[in-house]
Amino acid sequence: MAASSNAEQTQLQDMEEEDAGMEEREMESDEEEEEGMGVENSDEDEEDDSSEDEKENEAEIQRLEEQLSINAFDYNCHVDLIKLLKQEGELFRLRKARQKMSELFPLTEEIWLDWLKDEIRLTEEEPNREKVYELFERAVKDYICPDIWLEYAQYSIGGMGSPGGIDRVRSIFERAVTAVGLHMTKGQMVWEAYREFENAILSTVQPPPGRIPSREEQEMLKTQLERIHTLFRRQLAIPLMDMEGTYAEYEEWSEHGVPETVVHQYKKAVQQMEKCKPFEEALMVAETPKLAEYQAYIDFELKEGDPARIQITFERALSENCLVPDMWAKYTTYLDRQLKFKDLVLSTHERAVRNCPWTMGLWKSYLLALERHGADHQTVSDVFEKALNAGFIQATDYVEIWQAYLDYLRRRVDFSKESSKELEELRAAFSRSLDYMKHDVEERFGESGDPSCIIMQIWARIEALHCKNMQKARELWDSIMTKGNAKYANMWLEYYNLERSYGDSIHCRKALHRAVQCTSDYPEHVCEVLLSFERVEGSLEDWDFAVQKTETRLNRINEQRAKAAEKEANLARQEDERAEQRRKAKVEKKAQKKVQKGTRAGEKRKAEQDDYQDEWNEDAGPKRHRGNADQPTDEYMETETGLFGKATPPGYKPAPPATKKAPQGAAASAPSAHRQNEDNPELRNDNSSVFVSNLAYTLEEPEAKLRTLFETCGPIKQIRPIFTGKGSFRGYGYIQFESPVSVPEALKLDRRDVEGRPVFVSPCVDKNKNPDFKVFKYNTMMEKHKIFISGLPFSCTKEQLAEISKNHGTVKEVRLVTYRSGKPKGLAYVEFADETQASQAVLKMDGIEVEGNKISVAISNPPRRNTIDKPGSSRPTGDAMPRQVYGARGKGRTQLSMLPRSLHRQSVPAGKVENGSAADGEPASAAGNAAGEPKQLSNSDFAKMLLNM
């Protein structure tokens, strides 16, 4: 019974536990269902968001593809498209986009590595590895990159198990160390990977411990050990970073120590590395693109004369400066003149034009290199057609590339044969070049690029010299003259020389007579040539006719020149008269203003003096008698302008003590004190002073504010803010230091922000003593080392712009263009260390977006500051400083003189003062009256004059 009861209890407990477990499971299932519903809802939200993102990305992809269909050479558009497709996982479209870009441009190391890694992942599922090998072969041709070669070699190791796989790996490693093994900083990793591969092979040929190897195994082991020894020796003979570690590894690995020959080569390599070390260190600390450092490195290697090291240094420089045409031109010129290896030279020329297709000189060198190395005619023609489609930036480039191709075609012709296929092709090419210049080039540039018809001249000379076809040559020269060249003497003389060399005397005489009739630039020279010709070959009748014709022509020319000179003189006289009238009108207007101002001032002074006399008689007089007997009889009164006795200056009216406010008195006393300093030249020293302007008129305590700003520049002797007669601040002033040494430091504070406005700081120069001094401090000519940026967002700062620009070169200065109020214009100038960096920055920065704004970047070429003809200017027109400049970029207000308008003092030009009155010290108005102004004529006066003529 007890046992059965215990069993029942145990059974009941088990049932209760099962029920409890079931309840727990039901609760858990309910919770899971609730969580599942929540997860489903969140998944739905995420799917909605992702679908919207996919739609936006797809729309952007379609926009980029459409843009590339319009302009396939948009580099940035290609890059953006590849990024989006990779983000979306569109592998087929991604591969196609990369393929299109690689056909047009050489790809960077980063783009190639991304592409290669994607293809490697895809081929893990595909047995065909040859596609990846082909892609690697294309990648290593664009740039000499150690990382790509290392990736290539490591990928090939994965296929070493296939037939001939080991030999293929060794071949790729050998090509890698040949291409980049001399790379001072990255070559070592390729050598080490090569040795690791050979060590892995060594481990497979070594017999297991305890077993005697066979003779065949011994031979394989010996061969493999010799391979590794050879790799160590080759690497230690090359100057590379961390050579000491490689040498120590060889010592430890070699059973018989390091041979003497290897030690000798190692020491030579170490010495060479020490020579190169300063250049490598300079590259390590320099900022991209390090162009100046690479140029110095290349010059050093050219002096050393090692072709392999020169080549690798050029390749390293070009991998970071691939868009610098001068670097490519220097490299290709070296290869053309020194190495002359066909495959290396032609592949480098091809890479050069792919990187800088807009540079005509690179295409021209490529055509010459193809001809020099015996390339077939079809290849040369294809390269020429690509050059025509490259998009040169000026019309003359097309003339030069056509000349280079026509020269090539001319050298192919055998002129000993009367007719040949090559000759007909040459003539067809000449005809095509003329049509191309007339239609394609003129439509694009508005000019043919060949105003002197150089191509037609060459064609005519070839027809005359080689083909003995003077009729065709004369037809060509007739066409040349009808294109506006008949007025130039040198063109007629060129034609005359052709007739003289390959024609006859009849056509020579005819050409010279036409030249005398048509030439307008140097007719005397043409006439002299005609007379010389008739002296030698003409009859008396020919001589008389030539003399008569030349005299008639020269007389007519002289009459035309006299009329032109008279017309020019009349225009100049009329311009002088207009300028004189403007000057006199300005002088009269100024004099009238002075008279009106003097009248008002006299009336005001008279009224003030009357009031003063009344107050003085009533108040001041009795006060003298009410004083103490001990006090002196003469009292002194402190006034706003100083201390005066009882003989106060006329017009003085003291303010009542109750109404006079202290700040007004202080403000009034400040300008007067500065006026006293201005009136004492001995207190001023322009050499130790600066002029500050563009300050706010409402600036409180300007002297204290200026002292705080400039006290860091050096000890200040005095500060002279300029006030109006009513005591309000004019917004400018002068700061005089104890020493002129402080002036350069003060000028560095130009454009410093003072209460929201940029303060303008400029040298303090007396314009009367230095009339040619220009306050404008920025260059108005083309600055090839500086770029001009427009379209910037107004929120862009100097720091942001410097951060963007430093990726393209060494930034020396960044200047944001602002209004006088300090508000930005969205324009900026960035100065680089040299012209090459600036040109590279233009290519890479033009069209990029900064905070949503698409910016435009160009080489700084400010519009020329045309001088405005102002009456009273004391300088010649060529040197005058214009008030405003209008150019392609609009008004450059920040480029104006920093001197306020009220301080411009313009004197009458010496050349326009009559009778020396200005030199005698008389006023301009007096000089004008002395000269005698012409009487103003009415309409009836003009009518009488016309009737009397």
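Note: Cβ is positioned from N, Cα and C throughout, glycine not excepted.
Database features, via TrEMBL:
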- 1-60: region 'Disordered' (REGION)
- 1-13: compositional bias 'Polar residues' (COMPBIAS)
- 14-57: compositional bias 'Acidic residues' (COMPBIAS)
- 561-687: region 'Disordered' (REGION)
- 561-582: compositional bias 'Basic and acidic residues' (COMPBIAS)
- 583-597: compositional bias 'Basic residues' (COMPBIAS)
- 600-609: compositional bias 'Basic and acidic residues' (COMPBIAS)
- 658-673: compositional bias 'Low complexity' (COMPBIAS)
- 675-685: compositional bias 'Basic and acidic residues' (COMPBIAS)
- 688-766: domain 'RRM' (DOMAIN)
- 785-862: domain 'RRM' (DOMAIN)
- 858-949: region 'Disordered' (REGION)
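Using DSSP to sort the residues of the compositional bias 'Basic residues' (583-597) gives these counts of helix, strand and coil: 15 helix, 0 strand, 0 coil. Broken down with DSSP, the domain 'RRM' (688-766) shows 19 helix, 32 strand, 28 coil. Across the residues of the domain 'RRM' (785-862), the predicted structure has a mean pLDDT of 87. According to DSSP, the compositional bias 'Basic and acidic residues' (561-582) comprises 22 helix, 0 strand, 0 coil. DSSP assignment over the domain 'RRM' (785-862) gives 22 helix, 32 strand, 24 coil.
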